[in-house]
Amino acid sequence: MGSLLLKLGEVIKDEYKLQKGVQKKVKSFSAELDVMRAALGKVADVPWDQLDEQVNLWAADVRELSYYMEDVVDSFLMRVEGCGSDANQARFKKLMANMANQFKKGKARHEISTAINEIHKRLQDVTRRHERYNLANLPAATRTTVDPFLEVLYGDKKNIIGLDKARDDIIKKITEGDLVSKAQLKILSIVGFGGLGKTTLAREVYETLPTKFDYKAFVSVSRNQDMHKVLSNLLFKLDKKRHASLNAANLDVEQLIIVVRELLSKKRYFIIIDDLWNKVAWTTIRYALIDGGCGSIIITTTRLLDVSEICCSSKDDMIHQMKPLSYHDSHKLFYGRIFSSEVCPSGFEQVSREILKKCAGVPLAIISLASYLANNQRANQIDQWYVLLNSIGHGLQNGDDHVKKMKRILSLSYYDLSPYLKTCLLYLSIFPEDHQISRDELISIWICGGFIQVKDETASLLELGESYFNELVNRNMIMPINIHADGRVEACCVHDIMLDLIFELASGENFVTILDVIKGGTPLAKKFCRLDIQKSMTDLTNAQMATTSMTKVRSFSIFSPAITKRIPPLSIFQFLGVLDLEGCDLQGVDLRHVENLLLLRHLGLRGTKVGNLPKEIGKLQLLQTLDLHWTNSTELPSSVFQLGNLMCLILDSNMQLPKGFCNLTCLEQLKGDGVGHFSADSAEELGRLDRLR
């Protein structure tokens, strides 16, 4: 919706000479879309299964309407801007071409006027339903039937495996020291990915620590915290009689803080604050936890690294980073839940190893999938195990209550994201399991896909994209890999179980379509926005592909070299903004039609062996990223220097920069083995690229 509103602002500029009535309508429904955008933000904060079906349908209508509107606007801009004549035409041909262009532009304006009238009618209908469904009274995002952490706090301990060492390490950290240090308040924060067992570990420490305290309490905060409820619960856990005598329900937050401070003054306490989600919640709770110099202990648990760092702001405070279970402990937990023993039946060893590999040592995933198999009446049939294995990463189908509970717990992290980060995270569903995702490539695609929301026009899109990436790392939504000594992350990957959740959310909103999982014979009626091929196109026929609305596809990615011959002709992708063919063997493939993709912003040809680019590449005036690494390209066409919006240029290993590259005035990132070999002239050109980072 954000990128659409920006484009609507472009359309009504005077240079496009729209009729005054049409301009007025565009301004009117831009304002209406702003209202809808706010309503969609509220809808997006509530898990889809808690929303009324009518609200879900309304949100889907708005989404489809926004896609349609963007198609109309892009079609207009493409026809008006893309009608320019070639620089080498003779003077007479230029004159004739310009006359034809003016006619085409006039025709385009007439057509967009008709389309905008149609949009106006559809928008009025959606607006009426918006009012009818009363979206102001959406359910609170905190509504759940059962708190998922209650089982951890009060259930039995049969699933606690592999935490002994971590528990003992934490107890040692918070109890060791001399008399002076033992009298100081100690704060330790447990941080890690959802489902790693942070709450379970905290409970183990809470129940095992032998030291005596005047007061003990274990309090959960949750994502959409009510601070009055949290502080009231803390007071109840510390002193039930005082909670009742003061009628805590009638006290405000400040009064509750004062009461708790008075209670803990000059007392030794051990308090665990579980499931923290933001700094404000911690700051409020911390006001109540007075340091009386009595050797008190506070432990917090959180999924967010920056929250744990705020909790542990003192030099004596400690952060404990959760680690996945070892394979041995994963094995014990998995088989113990299914077979009540550590022995795997003959013939099931290989498939169980592959399932455990996908769980990657996350106890919640292991327990949930083991419980699913244990409750399946056909669990003794190996084909059911392979059905489960092949579902992971593509939306676990027909999951039982254990799988649903796992997804509900993991989804808390998703629903806590801001709208722009949700969009960026959903895009990760295009990548195959265990794929190492380049940070720079990912940020480039986010930018070219319109996912980076710029508030300040002077801000660098790349720097803003880096902040998005770092926030997802800090929230433990993606796993950093290839970390440099200075802490800079080169790449990331997504845990298979998290990828499964992302895939389900993305496909449910028609955000990404992965052709691998569509079976032959399935009608491909819906419009695809972003298409992805990861391993194979199964048995989809050319006839099925022909019926698909490829013209509306915004992003097309392929991750398998084996299916290059099945790539649809580029000429059918009228609205394509991202084309990523990394790793495909394109030797002998003709890329001449690529110059017709006038809306293309990202062209990823890394590892394709495609050879030299066609000279017409300079027609892609909106192109922002061009990746030519490992393409067997030996020279860069001079027409590349006509790409006035190019931000990122990655050259093949033997490519030199020809004269004229200083025309790439928007360039922020320049990579290539031969880039450093400069003559005096090229060094002077480099000095003109004042945006280079």
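Just so it is clear, glycine is given a Cβ too, placed from its N, Cα and C backbone atoms.
Summarising model confidence by region, the domain 'Disease resistance N-terminal' (1-89) averages a pLDDT of 70. Residues or ranges marked as domain 'Disease resistance N-terminal' by TrEMBL: 1-89.
Per TrEMBL, the feature domain 'NB-ARC' maps to 177-342.
According to TrEMBL, the feature domain 'Disease resistance protein winged helix' maps to 430-502.
Secondary structure of the domain 'Disease resistance R13L4/SHOC-2-like LRR' (552-693) per DSSP (helix as H, G, I; strand as E, B; remaining residues coil): 35 helix, 19 strand, 88 coil. TrEMBL lists 552-693 with the feature domain 'Disease resistance R13L4/SHOC-2-like LRR'.
DSSP places the residues of the domain 'Disease resistance protein winged helix' (430-502) in helix, strand and coil in these numbers: 32 helix, 12 strand, 29 coil.
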